[in-house]
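Dumping what TrEMBL says about this protein:
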type: DOMAIN; residues: 178-387; note: domain 'Anoctamin dimerisation'
type: DOMAIN; residues: 390-965; note: domain 'Anoctamin transmembrane'
type: TRANSMEM; residues: 401-428; note: transmembrane segment
type: TRANSMEM; residues: 477-496; note: transmembrane segment
type: TRANSMEM; residues: 558-581; note: transmembrane segment
type: TRANSMEM; residues: 602-624; note: transmembrane segment
type: TRANSMEM; residues: 778-805; note: transmembrane segment
type: TRANSMEM; residues: 826-849; note: transmembrane segment
């Protein structure tokens, strides 16, 4: 029976199918000269149909051949009525061959192809139903059809052959392979086919000749405007360079390795694993699609031990390894003859000069679709990640990023739950807070104006709502949460090192160091252009000389970091400008309402300042991120790892100041040096900002939420929305044919390398942005999360989606990156370690100076008031309104006759012998704050040190396993060498015996000849 398929199941619009048919005919004409004439003769008639092979039921409804071939009128009538329905098309022969639909359609398609090519008969053996060839049963004819349609045109005589294969077969065969359908396309170079510059053509020819000289196999595709060069690396090339690059590959099973693996596994693993799988079965991977791999021992590749390696293992020269080897070859080939210097080296230089438009690896459709369905899918947000398959597809460096991001996200779960409980504690004990209760119940306390002239007096109870919200984050659990956060951050880092060590060993990267990395081609080119180093390289043959620091590297490094400091100063100035705006309080007066309103003072002004701060931060981030790349290119970074680390350090130091400076200002400076009404401390004539009677922690919370959430939103837009819009607009332009007048400029995607050509390039430091985003987020939650206990929960929700969005971006929008080896996440771990240490001091200072903890303790100890009923009055000082430096312009205010007001400070009353001076209680509180900072930091540092000691970087079991594997591996190699030596010795003895026998036989023959000669004489 016919199978009906909806028309929107096509991957491409029908208008595009004509062009793809044209490409098909052009390609097979180039591939098969004998078919060229026939293809050209039938080109015009075939182009009148929408699809050469995919004939619809409408096209075939009146075909006499179809009527003569159709068997079973019931099935025919049923399918004819279905085929005439709008929105359906006839299924293809290839679809039937893949298991869908009826083989009758396949036979019809084959017959129609034969008729179009001038034949009135099918090849021998192809039939339908009872008209099958001799010896074929009712079902055997269908099987024979399938075999014949997938068979090459060799079964047809040269006289009868018109088209070698059908379009579907041709596409399936050459989708990401050479035209022979056997060799895979490992790498692709693309260039403009209309480029007529002779110098470009000559450089391409030389470069491609050098690639072939290295053993790579090349095939040109010149069907469209963009010409492609398909590259394939045979195993001989992979073997040679795998040995040079010291790549580890899995060995065949070694006697005794199973015992090591069993002993390395925990004793409770089987029971514990079954229990976990039953409890968390919904988050487990589909073992049919992602089977769990058996552990193997890895060894650096050497052609001398080729027999020892498990060449059938899926991890033996996986795609990422193949691509990295080819990329290494491409980076080291010259493109000028007779002028083979480092300056004319590598494919990157050719791409920069426009000789090639791009060089990239190809996505694998099957693996990509499986990862898109099971991994890069937001609906799979709770599932574990297939890290082994990600490593095979993208390489260890990308896989380690996703492993780290997944681990970091999982570690956020317990601290998010604890933060939520702390926040709920504030709600539960809302009514028990004495400060907010006293503020809300107060009706007579008049507060001093918050600006010099135009501000009025205000009542303390106007801050009732803000004081209640402030209690949600400034309560008895604040210190507990800060302590838990400090312990969590160290635990997370230590367990990540432990977890990553197991991953790296499983992937065969234990012992990999960056010292085996080869120099960057840009670095070698920079050396070759250096006049100071030219004398060291000429005549010596050394292309990678030692570069002295003070005479060569110092000036670029000093210039680079000086510009970084300059931008840090610009960022600080920008933040200072926002602070001046907050001090002035007039910038938004006419827009947002009265500045005397508590809503304006407590909510609107901080929110607008936070939004402006976010905009300034984002703009500076955008500018400096681009500048940092140029600054790093100016330095002498020998390897890609050194380059990445230099770029990372410069960027993160700037981002640290850029993102955190406004938060540090609110936490440590705002309201700390205000002065008092008779003598305010001023900046550019403006009074410094004051904290609300409840403290500045509420404003720190608001600023943190705005910047943290805003940054995540901005990153999501930049990373996902912009590439999506670019692709969508391109598809709309393409589908609607808005460029029909320039049809020759369109690139028709009909295989993998033409589809990937339109994707965004994947650069070497593409993961830098992803790491930076997450490490900045880590800084937010470790440095300031005690001001907002729900910050880890926000980070958790963001990261659950971020993992999937990053995966979607890499699979859908970016070309496949070249796989790179790595044993850790690099300098990012060191950065997070430093941030963790800074967070301890930051938390101590925020608790000491921005919360009410220490003043409450001192007050309770001094007065004996454990219930803190008089604490609010204790924190407010008195001021005589006659002592104002600038009297406020009250006008018709109800507070015209006020003689006394209150302000938040610890100062003597105006009637004291030392009016407005610091009382003794202030110095007690200051001493308590400093003592708390010292004690808190020492306790936390001690606990963190104990954790670092208790959790080793590599587990004892894994360390023991590594030692035993190395011993077993050495013994295995020794035994192999012994057997090999014995075999060579036996071979040598056998050869010697053979030579001896031959020489003795020769002597006997010579002796017999002498006797015969004597007899003859």
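In case you wondered, yes, glycine gets a Cβ from its N, Cα and C as well.
So that I understand the layout, could you describe where these features sit and how close they are to other parts?
Non-local neighbours of the transmembrane segment (778-805) in the same chain are 375-378, 380-382, 385, 402, 405-406, 408-409, 412-413, 415-416, 419-420, 422-423, 473, 477-478, 481-482, 485, 489, 656, 659-660, 663, 667, 697, 700-701, 704-705, 707-709, 712, 716, 719-720, 832, 835-836, 838-839, 842-843, 846-847, 850; each lies 6+ residues outside the stretch with a CB under 8 Å from one of its CB atoms.
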Grab the pLDDT values for the domain 'Anoctamin dimerisation' (178-387) and give me their mean, rounded.
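Mean pLDDT, the domain 'Anoctamin dimerisation' (178-387): 85.
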Residue list, the transmembrane segment (477-496) vs rest of chain: Cβ under 8 Å, 6 or more residues beyond ends.
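Sequence-distant neighbours of the transmembrane segment (477-496): 404, 407-408, 411, 414-415, 418-419, 422, 425-426, 781-782, 785-786, 789, 829, 832-833, 836, 839-840, 843, 846-847, 851, 853, 940, 943-944, 947-948, 951, 953.
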What parts of the chain pack near the transmembrane segment (826-849), using Cβ distances under 8 Å and only residues at least 6 beyond its ends?
478-479, 482, 485-486, 489-490, 493, 496-497, 641, 644-645, 648-649, 652, 664, 667-668, 672, 697, 700, 771, 775, 778-779, 782-784, 786-787, 929-930, 932-933, 936-937, 940-941, 944
